[in-house]
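According to Swiss-Prot, the feature zinc finger maps to 6-111. What Swiss-Prot lists as Zn(2+) 3 binding site is C43, C48, H64, H70, and the listing cites sequence analysis. Marked as phosphoserine by Swiss-Prot: S112, S132, S134, S306, S369, S410, S415. The domain 'USP' annotation in Swiss-Prot covers 145-687. The active site, nucleophile annotation in Swiss-Prot covers C154, and the record cites sequence analysis as its basis. What Swiss-Prot records for 258-420 is region 'Disordered'. Under the heading phosphothreonine, Swiss-Prot lists T259, T378. The feature compositional bias 'Basic and acidic residues' is assigned by Swiss-Prot to 260-280, 317-333. The domain 'DUSP 2' annotation in Swiss-Prot covers 791-894 and rests on sequence analysis.
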Amino acid sequence: MGDARDLCPHLDCIGEVTKEDLLLKSKGTCQSCGVAGPNLWACLQVTCPYVGCGESFADHSSIHAQVKKHNLTVNLTTFRVWCYACEREVFLEQRLAVHLASSSARLSEQDSPPPSHPLKAVPIAVADEGESESEDDDLKPRGLTGMKNLGNSCYMNAALQALSNCPPLTQFFLECGGLVRTDKKPALCKSYQKLISEVWHKKRPSYVVPTSLSHGIKLVNPMFRGYAQQDTQEFLRCLMDQLHEELKEPMVAAVAALTDARDSDSSDTDERRDGDRSPSEDEFLSCDSSSDRGEGDGQGRGGGSSKAEMELLISDEAGRAISEKERMKDRKFSWGQQRTNSEQVDEDADVDTAMASLDEQSREAQPPSPRSTSPCQTPEPDNEAHIRSSSRPCSPVHHHHEGHSKLSSSPPRASPVRMGPSYVLKKAQVPSTGGRRRKEQSYRSVISDVFNGSVLSLVQCLTCDRVSTTVETFQDLSLPIPGKEDLAKLHSAIYQNVPAKPGACGDSYSSQGWLAFIVEYIRRFVVSCTPSWFWGPVVTLEDCLAAFFAADELKGDNMYSCERCKKLRNGVKYCKVLCLPEILCVHLKRFRHEVMYSFKVSSHVSFPLEGLDLRPFLAKECTSQVTTYDLLSVICHHGTAGSGHYIAYCQNVINGQWYEFDDQYVTEVHETVVQNVEAYVLFYRKSSEEAMRERQQVVSLAAMREPSLLRFYVSREWLNKFNTFAEPGPITNHTFLCSHGGIPPNKYHYIDDLVVILPQSVWEHLYSRFGGGPAVNHLYVCSICQVEIEALAKRRRVEIDTFIKLNKAFQAEESPAVIYCISMHWFREWEAFVKGKDSEPPGPIDNSRIAQVKGSGHIQLKQGADCGQISEETWTYLSSLYGGGPEIAIRQSVAQLPDPESLHGEQKIEAETRAL
């Protein structure tokens, strides 16, 4: 796409254009084939009235342009203008500016340009440079950029549009660009940041081509290679996992200790807890999770001076646009005006995942505050629930992806572990770490901060009443769609969960056309007007949640192995939400696979646009004060289990309107259209009026500009949380500080991207309200960290040089007396450390994976073990540094053979002895 400032030389060919003419033509049909809209194209050539269909039909508009040499055409749905000769979008406002300077034949009748161009009122149009900020926000909101289909890539486009309209995540990439740093390939976070910047930039194109991100995701997961349609939910999980992996940072040790303490407290309680809680009250199933949490979007600011607020924000052009609109919305709220659903969604969405910050801050003795006890203090629970033994909190289902790399269907079959009602019991045992005795590091990222929640799962033995608990982290909830009988049981409070398998949707999708759309619309209208006894009860999202969290009896083939009874017993498993995420991702399991066939559950599930209350599903231990959510975006799948097409419906954060994102086409729709869609994935955001009032107060303080003697540095990332989260948690300055209170040497050169300077009055207010810290008035490089870094680099250099030297000598030895074996699992950890890929050294050498003990007690190498061979000197060197074992020698010293003469003499004596 060409830039909006580039002038198309073919603009002189345009006839007189009015908005009324275009609206009239949009109600017509293609003059070649008679098909109706949407997305008809009108020729803009002088005196040419032609209207043709687009690429979704026979593309007669392009044929007309090629035959008649009429270069300019306008889309009658989006009102964007395309030049076939220049092969890019053009902007008619620039034509006016040029032609008014030099007399134009077609505009010579006008002495001055009209007050507003006919196309200017269309919300999707790109703003002129000369337009005021408010006019740009009101008439031409950002973020309405389509995405080109790269070949059955609608699953990716719909997912990216839904994420793009999640303010906490988007604002992080727009305003905290300095934190988007990684040395991990394929640097997907960089591709995503670039894509978001293009989509939300003031001079955005009509659509973007997400080639870089598509290429990166294919490198990460081979399942997405080729041109087969894939499941948008699987894509979301894979994308967020990779973003977390690239952006994750180690958590402060004190935070991890608090997490462990919290988890141990909730583990293996007995009947006393059972007396306080009913099975249905605390039940939980294995949720479908994905990556971690993220930070946010620049919304939800308080009303006040624009300059004052800029002290709290990065001066990024795209970020300012979103912030300005939110200030307007906050002012409207403070005046007591009634707001639309969409406005509430924009502002009221903060996150209790800010608890990650809370934990980090708790190591500082700070004054307590109501907001500092945000429930999501589990950045990444290091709990005994060992749901995640790895550093990132991704669900095991991601390993399952590889098994479907050859599938051509839309939603690949998900692992049972991810499925809501059909879960697998997990014992509270420490996962094997392959002999790595060092403390496993906990990590957090913007993904985990935004999307991570946790659930408390309890299993009760019905014989001894023992209750064991497990904490699991989730990033999305995969909910079953209950049938008529299930609904009746649910409403009777005796519902039993029924396993359901999410399935696959097709490779390709041919347009359903207007007839199918009208038939479906009429069907839904008739259903809504017909008594429920005829069609059956209406399924709501709350019903799906109730089905997911209903108690599950463990009996028959699924009996519970009770550790107290030491045998299989009947039991009950139940769960509740322990920590609410800022952005709640809900996945409705519409695809099911049987042995011989697959099918799609097309039941309409009604869902609220605002006010989704999760209080009925919260655990007693949950401390979140914000429990209601407003809808941000919906991903829909049209078609069957064999073929289909994905589109997204998203609410624009700037004007509060709903839009349909169908690949490169973006169309405004009414909220009633959104309520009637067949939802597949929904994104909800926390809503909090208190958070908006808090932002307004901070902006007012900043606007006063009271003189102060001290300046305070605050983490830009935490400030972004404050602007976009409902519960940002305590102030977290550890994102730019080391454990000694200084700046880590590797962050000092871009420290300006990590901090924001606040006046003393603002800092004191935030500190008294949220706690945390520590207070920072001076930035300096930490000398202790510098010494440690130099010592660590020297240690790595010595170890790797010594190993290379000893290994060379081993390779040169023709017949070594003894060869030692070492576990490749441990060796890879050591190699990652000495090469600088891992900051922590490995634990003691652990050869238990490759060793087996014979009856005599002799240790031998296990058959087919993953091991490497090293010399005795190398083993001695590594063992002296790290310890561990056991020693495994596969070729020991051989005793010296007797000389031939003595051997011959012995044989002669033996022969004579036998003769006698």
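Cβ atoms here come from the backbone N, Cα and C positions, even for glycine.
Feature map: Swiss-Prot annotations on the structure.
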| residue | record | DSSP (3 states) |
| --- | --- | --- |
| C43 | Zn(2+) 3 binding site | strand |
| C48 | Zn(2+) 3 binding site | coil |
| H64 | Zn(2+) 3 binding site | helix |
| H70 | Zn(2+) 3 binding site | coil |
| C154 | active site, nucleophile | helix |
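Of the listed binding-site residues, namely H64, H70, the sparsest Cβ surroundings within 10 Å are found at H70. Straight-line distance linking the Cα atoms of C48 (Zn(2+) 3 binding site) and C154 (active site, nucleophile), rounded to a whole number, equals 34 Å. Here the recorded positions are C48, C154, and the one with the most other Cβ atoms within 10 Å of its Cβ is C154. Take the CB of C43 (Zn(2+) 3 binding site) and look out to 10 A: across all protein chains shown you find 24 other CB atoms. Note: the Cα of H70 (Zn(2+) 3 binding site) and the Cα of the residue listed as 'active site, nucleophile' are spaced 31 Å from each other. The Zn(2+) 3 site, placed at the center of the C-beta atoms of C43, C48, H64, H70, has further neighbours from the same chain whose C-beta lies within 8 angstroms: L44, Q45, Y50, G52, A65, K68, T73. Break the domain 'DUSP 2' (791-894) down by DSSP state and the numbers are 44 helix, 22 strand, 38 coil.
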